[in-house]
Structure formats: structure tokens, C-alpha cells
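Visitor: Below you will find the structure I want to go over with you.
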Amino acid sequence: MYLADSRHTPVSDTAPAPRPGRPARIATTVLALGTVSLVTDVSSEMVTAVLPLYLVTVMAVSPLGFGVLDGVYNGATVVIRLLGGLLADRPGGHDAHGHGTDGHGRHKAVAAAGYGLSALCKPALLLARTTPVLGLVLAVDRAGKGLRTAPRDALISLSAPPERRARAFGVHRAMDTVGALAGPLLAFLILRAAPGGYHAVFTVSACVAALGVLVLVLCVPARPGGMVGGVLPLPAGRPVARLLRLPGLRRVCLCAALLGLATLSDSFVYLFAQRRLGLPAGWFPLLPLGTAAVYLLLAVPLGAAGDRYGRRRVFVLGHLALLSGYALLLLRPAGGLPVAAVVLTLHGLFYAATDGMLAAATAAVVPASRQGAGLALVSTGQAAGRFGCSLTVGVLWARWGDGAALAAMTAALAGAVAVAAYVLRPGPARGKEAA
Amino acid sequence: MSGGRRFLVLLAAVALLAATGTLAVLHAAGQARGARADGPPVRAGTVTLGAQPDGPRLVFRSMTWGPDRDELASVPLRHPDDTRTAASAPTCLRFHAAAGTGICLQAVYGLVQDGYRAVVLDAALHEVRHYDLAGIPTRARVSPSGHLVAWTVFLSGDSYAGGSFSTRTSVLDTRTWTLQENLEDDAVTLDGAPYRSPDVNVWGVTFADDERFYATVATGGRTYLAAGDVTRRTLTTVHGNVECPSLSPDGTRIAYKKRVPGLPDDAPWRLYVLDLRTMAESATAEQRDVDDQALWLDGRTLAYALPGDDGTDVWSVPADGSGAPALLVHAALAPAVVR
């Protein structure tokens, strides 16, 4: 998205001038945060990968029991995510001398609290012998994740020069995905070495999580390298209401929610692929790996492409890739694996082209001192949209079958992409192109 | 803190955490290899699903830590504390058997991810045929004649609102090897009217004969006992609030998990028995949360798993509400009576 990056903020004084023709260095803070996410994702995904197995085959919990465990605490994360963003933006204690609005919030402290909370939950898994206790541990773990997401993204956006932000987010997301792929692998290697050794998996996960917190505390500066977001004047009022008075953020938030309403959850995409393309049952667990691999490969190049050729263009292209994926599932030109591979590639491409881009676009329209809350607001809007989409698809599927549900969502996505492309268009009134 | 100091702290922490992790894995690996001294007595031997001249035996998945974990073991039904006989193959997560046919739902260890499959066993525990599964095994049953086999797996990805769960239940005819992969495709009649919804889940089949069965149907946040027909592919609800039904040998009663109001959300079930002739429900003497498909040891006694030191133990209780629960077999899951 071109948006307002260059409207009021020429390249910041402290930013190294980008050298044409050669990619600029990636900020060390971004790499450090990428490492924290990678390590933390190894830790959390190794638990996620074995948890259903542990519950169902060792503790003999039934599927419904697991569903209850999983579902009971789901709503709280959204609130906690907003809370994390707002808390993180409040000026830190040592920073109270009028520097409250220059981006020196408590991002690191709040992120560390979030990562720390989740890390403490891993050894707690060892002690949880009954399902209620286990449910509580999982809820606290999730709260930690909600708390840390916005301040972490704010740190990334504050560490990267505005014209390199999409790539910075791409680098972070790619490292994150490496962790998400490596976690289950490590867990199953441990189970291979020690059959039934779930407690060993939890112990190793706890060690890895502790390492992630340590890397955050030791290697991520509390005040990242002097980069700033847009220095827009902030309207008066309550924090969230004030943010929503920023026209740029309002547009991004609106588009995120609107597109979210037409974005099928991953589960639905895999379910549609499985059912409509007639994939063998054994392939089902492997489908997410296909998306993740493509995401991993393309996150950095597409982020750089967004910085260079316009974030709006890449963002819209990403959604067009998703639209093509829906169309393939809808029209089924052929059955089976080849089509499924193309759909998963488009799905991974969609994530690589849009996830970091949305964060970078948000960062560009929010003052440095409100990065946390701004990012939290947009991701909450997106999550709310996607939840609405899941409910709608469920109802449509029940009434008219999966083909009708998919057709409706394909049409909705086409409409949403057109609206987003229009709303986010660059124009004389919106400042010149930031590419 | 200076850069050098920071690096040293990080290095020391990595060494310490790596050592802790390695020790944990080595400890667990040692536990998996060596049998526990205080575990139930075991000897390696032959487990058969055929006729038992010395009286009925209970065959189950062994949950003892050590080399016998997940193997099929058997004890005399009348003397469950006797030394158990464990067969070295196959290993199973869930198991059931009747009339010389066994069903073993097992994990297949892969390089990146584990897969699962359903293995049909003959009386000597040899594989007759296997089928790949799409999720983690949870329930398995064989019809009294040994002709039909059913299983339920748990698909974490198969969800409608994110972060939820879904099941898939399949029925296999071992005479023709016809597989009905997903009972959710059956025509559902709910409270007397035809019903269709994508959130329908079916699990926990229990067979009456080679035609009729019962299973749990869940939709809209409620569960039902449904009577199913294998040939006509229908599911008709006959009672509410029933999960994991188990039909008595004489076909007159259903033992099941009932969600009792007032119990905590994450431990909501009690073991109940439904009389199909009068549709009267009665509680058993088991006061703990039961999350298992019960097994009828005979016309009067139920067996079911409860959490224990090795994962689960199998307990028994009279089906008529009298008596008290008693520990049947330590470190065991998924039992079947072989006569």
C-alpha cells in the first residue's frame, strides 16, 4: 500500500539512506525479534503438535472433551491483544520526561511479559494431571500470546526504516514460519527417541521457551534504532477512539475487516480442498505444511517487492491469488493432488503477500507512539472479520451445501478486493507514491 | 550489560537449557526401554482372539511404561491380577475384538509427522488389511459376528469456527471390504424430521448385529443416541444427551456417558445406563467423570477407563446402579472380552 508513508515523513534523519541496486541491511533488532519468534514458535508448536495426541491417546480424553478444552477460553485473546497494544504504547517509567510520544513505549517490557507468561506455562504442563488444570494452563498460554503480538510488531515497525518495513515484516514472518515447521519435527524426533515421552517434549519445550525470553531480554533494545512511524498529529480523546479518527488507519482497519469477512479460515480451506478435490484421508494433516512452505519461501521476496513496487499492488495481488485458489476449488478443473498443490501454493502466496504488508501499511499510518495499539486494532478487525466469515460459511454450508458456500465467498472476496483496491488507492489527496 | 557479557550469559544459558532438555529426553528414553519394577507382572507370549478353552480373557492395550507399552496384553477375565501375557506385535492405540476379528488403530511413525491406520487382525493377531486414517484414533468396535468393524478418529483440522474439533467415523464390512468412510454422509433423522447440517458429527459406534448399530450424533451443541442402519445408510435419533454408547450383549440396554447438569465444563460426564425397552435412564455407582466408551464384560458388569499413573486404568462397576466401582486392570486401555 502506498498510503501515507511519504506524506509527512520524508525518510527519517537517522535512517541510513537506501542504496539503490543493493538491498539494505536488515536491522539487527528485526533479526533478533525474528529469532525470538522462531525459538518461541519451536517451543509452542512442539506442544501444539503433540497435545491432541497426548490428550486423546495418553489421558484418554474424548474428542468432545478436547473441543471443550480448546473452545472454552477462545474469546479472551482478542481483548488481551488490544490490551497488549494499549499497555505497550504507554510511556515507560524511565522515559517520562516529555518523550511519551516518540515511540519509546513499553513495547519490550509488555512483549517480555507475554513471552514470559507463555514460557511459564510449559513446565506447568508437566504438573497438570487433570483436564480443568490443563485447560487453565492453555488459557494462560494463549493470553501470553495475545499480550505479546502487538508490542512485538510495533518493535519491528519501529526498528525498520519506513521504506523497508514490508521486507522487515517478511523477514520476521519467514523466521516465525521456520520455527513453526521445526517445532513439530523436533517433537516427533523426541517421541521417536523416547516413545511415549510426552513429558520430555514438554520439558524441552520449556527450555526452548526460556531461551526465547532470554534472547528477547538480552538482544532486543528497549528503544529500537530511532526509526519513526508517521509523525501525524494525534486527535484528542480516548486512546482507541483517537486512533480511529486517523483517516489512514480507519481505511486500513476497514479493509482488513472487510477482507477478513471474505477470507476462509485455514481449516475451511483444507476441508474444502480435501472434500472437493477428493484427496486421500492420509493427506489431510500434511496440507498445512504446503501452505507454510510456500509462505516461508516467499515472505521475504514479496515483502521486498512490496517496498519496491508498492505495497498496495502486492497486497491486492496476494488477495487475487487467494481468489484464484477459491475459483480452482469451486470449478475443479481436475481432481486430486496437482490441483491441491496449486491451491496450497496460492494460499501460501496469499499469506506471504498480505500478512507483513498489512502490518507495514498499518505502521505507516499510525504515529510512532501508538504503533502497538494501531497494530492491535487492525489485527483485531481482521480477526473479527475472519470469525464472521467462519460463522457465515458454516450457515451457508448447512443450508445450501459446500459449493454454494464457496461460491458466495468467492464473490464476496472479489467484491472486497475491489473495494480495498479502491479505498487504498493512491491519489493526489493521499500523498505521492512511497515506492 | 556489555556485548561480551551478554554473549557469555546467553552461551551459559544455552548450555544449561540444552543439558536439561537432553537429560529429560534420555530419562524418558530409558523409561521407554526398561520395564518398571513396580509395574504389573508381564511375560511375553501369544495372545489370541480365537476360542479360549481356559475361560474368557480380557485383551487390552497395555499402558505400562517400558517395552510393552501399546502392545496387546491379555489376562483371564476371572483373575485379572494374574501375570499378563503380552504379544510383541502389533502395537495399538485403540483396540476391540469379537468372534476372532480384531481392529487395531495404530500410529505409523513417519519422518516428519506420525500417521495412523486401522489394521484388521485375524485371530492370531496377523494383519489382514489396513486403511490409512485421517486423524488420531479414539474409538473402535467390532460387530458381535466379527463381520463389521467401525472406528472413529479425531480431526483437529476439520473445524467450522476455528480452534474446534471434529470426528470422522467409518464402518468397514470385512466380508466384502466395502468401506463407508464417513457416517456423516448418512441420512440423519433428528427428532422425527430429516435433518442436514455441516456441524453433524458422528462417533462411538456400537453394533447390534451386521445391520443395525447405535452411535452418538452431535449437532448444534447437543448430542443424541442414534440408531443406524448399515445398508440403508440412515441415522435416526432415539434419545438425547448420550455419548459413546455401548450396547449390552442382549441388546436391551445402552451404557453411555451422560452430560449431567451442574458438573464442571471440563469434567461433565457420568456413566449411565439407558433401558431401550422403557427408555428409563439410571446412574451407575461410579461417581467420577468417565470419558470412555464402556465395555460390557457380561450382561451385568461394565468396564471403562479412568486416568491413572500410567495414563489410564480399567475399572468395573455393576450396570444396574448397585455396588461400587472396583479396579479391574492397572495400566490398561481399550479392553475387549474374548471367549
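Glycine too: its Cβ is placed from the backbone N, Cα and C atoms.
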Visitor: Given the ranges A:9-34, A:373-398, which one is assigned the annotation transmembrane segment in TrEMBL?
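Guide: Going through A:9-34, A:373-398 one by one, TrEMBL gives transmembrane segment for A:373-398.
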Visitor: Test the contact criterion for the transmembrane segment (A:174-194) and the transmembrane segment (A:283-302): 3 or more CB pairs under 8 Å, pairs 6 or more apart in sequence, then answer yes or no.
Guide: yes
Visitor: At a C-beta cut-off of under 8 Å, are there same-chain residues at least 6 beyond the transmembrane segment (A:314-331) that contact it? List them, or none.
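Guide: Tertiary neighbours of the transmembrane segment (A:314-331) are 1, 166, 259, 263-264, 269, 272-273, 276-277, 302, 305-306, 339, 342-343, 346-347, 349-354, 357-358, 361, 403, 406-407, 409-410, 413-414, 416-417, 420-421, 424.
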Visitor: Should anything in the same chain at least six residues away from the transmembrane segment (A:337-366) have a Cβ under 8 Å from its Cβ atoms, list it; otherwise answer none.
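Guide: Long-range Cβ neighbours of the transmembrane segment (A:337-366): 1, 3-5, 153-154, 156-157, 162, 165-170, 172-173, 229-230, 232, 243, 246, 248-249, 251-252, 256, 269, 273, 277, 279, 283, 287, 290-299, 302-303, 306-307, 311-312, 314-315, 317-319, 321-322, 324-325, 328-329, 373-375, 378, 382, 424, 434.
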Visitor: For the transmembrane segment (A:373-398), which stretch among A:252-271, A:283-302, A:404-424 has the most Cβ pairs under 8 A?
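Guide: Ranked by Cβ pairs under 8 Å, first place goes to A:252-271.
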